[in-house]
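Below: one structure, written as structure tokens.
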Amino acid sequence: MEPLISPQPRFRLQPIPENPSSSSSSASITIPRSISNTSFFHEISQERLLLHHQDLEQSVQDDKEDQDSDSDETNRFLSQTRPLHRSRTAPAMVIIKDLRTKPPETKKPSPVSKSIIRQAIFLLIVYLTLGVSIYSFNRDHYSGIETHPVVDALYFCIVTMCTIGYGDIAPLTPWTKIFAVVFVLFGFGFLDILLSGVVNYVLDLQESMILTGIQTRQHHQHHHHHRFSAKDYIIDFEKGRMRIRMKVCLALCVVVLCIGVGALVLHFVEELGFVDSVYLSVMSVTTVGYGDRAFKTLQGRLFAAVWLLVSTLAVARAFLYLAEARIDRRHRKAVKLALNREITVDDLLKADTYQHGFISKSEYIVLKLKEMGKITQKDIDQVVIQFEKLDPNQIGKITLPDLLGDPL
């Protein structure tokens, strides 16, 4: 039988005896220790791991060298100063500036209101000057108790312009009657509108001053927690204006004040009784003017020239605020009903503008705004026309180049 050969090729091949006991008898043959297959593959794997680890170290070192070279090139590139050109598709700096949040500002009267005040004062002076001049040169053509020509003329002009019509001073001749007709129409139709603009300006100025004072105090106390207080009944902080009911209360207080002041003057100057003083004061403020009572003294007519002008406008403003409050209350009810009403199939079909079988959030908002009465289809059509003007390419979008006038 042939002897077994060791499978490990890197060792010198030596014969392995078949019987181990015969090793003692043969001294010329040396028998090495046999190596198993497990230890053989284990040594090979260790060598491979060692080689792989060396390769990894070499690759890491190469990467570091590449990074160093790239950083050197980048530094050399940055060291060379080059002008940066702004892309034409980048947002304009004006638009970016406008996108910054701005603190809320208190609404202030516009310069247009100031111009209306100047026009109203100028026309009022012209109106009164013309009336006083014509009355002064034609005193014999008017009936009534005379005190002073200028005072009587001013009193007559104010009573005519405010449409009170006491009847204590009235024209007698056709010429003075024609003048009275023109004077009434001109004063009632034009100057009264301008004076109402003056009242609006004064009230808006007062409102802005109140809002500014309250907002200033809140700015100093911003670290405190907001609690519901009496100021919330006066100011609508979300809309930045006084509440309607507060405006009505202020207007009514002004009316009561005018009635009280007029009654006191009538009682002490015209020497009327308490009931007659209040009666004439109310009839004058409300522009009823039965004519059974009127101002007869010089001091009373001077007072009436200023008091009637202020009080009649205050009463008109109070009635306007009352009407505004009723309309606002009606709108709130309509909004509440529109929000609580569930949408129907007909509503979905009407609101589905693009016939998709569903409505989006914007379409739902438009539907509810229509139900609330805040917008109409005419308003939507006007907005659509404006949108089409801003979208010259008719792509259904307004892009930045369209606004800047620089199409791509």
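Yeah, the Cβs are placed from backbone N, Cα and C, and that goes for glycine too.
Annotation comment: Swiss-Prot describes 1-29 (among others) as region 'Disordered'.
If you look up Swiss-Prot, you'll see 15-29 marked as compositional bias 'Low complexity'.
Annotated topological domain 'Stromal' per Swiss-Prot: 22-115 (among others), in sequence order, evidence recorded as sequence analysis.
What Swiss-Prot lists as region 'Disordered' is 58-82 (among others).
Sequence annotations record features per position, and here Swiss-Prot assigns compositional bias 'Acidic residues' to 63-72.
According to Swiss-Prot, the intramembrane segment annotation covers 152-171 (among others).
As annotated by Swiss-Prot, topological domain 'Stromal' applies to 199-248 (among others).
Feature annotation from Swiss-Prot assigns intramembrane segment to 276-295 (among others); the stated evidence is sequence analysis.
What Swiss-Prot records for 323-408 (among others) is topological domain 'Stromal', and it gives sequence analysis as the kind of evidence.
Secondary structure at D352 (Ca(2+) 1 binding site), taken from DSSP and collapsed to helix, strand or coil, is coil. The Cβ of D352 (Ca(2+) 1 binding site) has 15 other Cβ atoms within 10 Å, all protein chains considered. Sequence annotations record features per position, and here Swiss-Prot assigns Ca(2+) 1 binding site to D352, E363 based on sequence analysis.
Summarising the annotation, Swiss-Prot assigns domain 'EF-hand 2' to 378-408.
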Request  = With DSSP as the reference, give the number of residues of the topological domain 'Stromal' (323-408) in helix, strand and coil.
outcome  = 56 helix, 0 strand, 30 coil
Ask   = Near E363 (Ca(2+) 1 binding site), which residues of its chain come within a Cβ-Cβ distance under 8 Å, counting only those 6 or more away in sequence?
value = A351, D352, T353
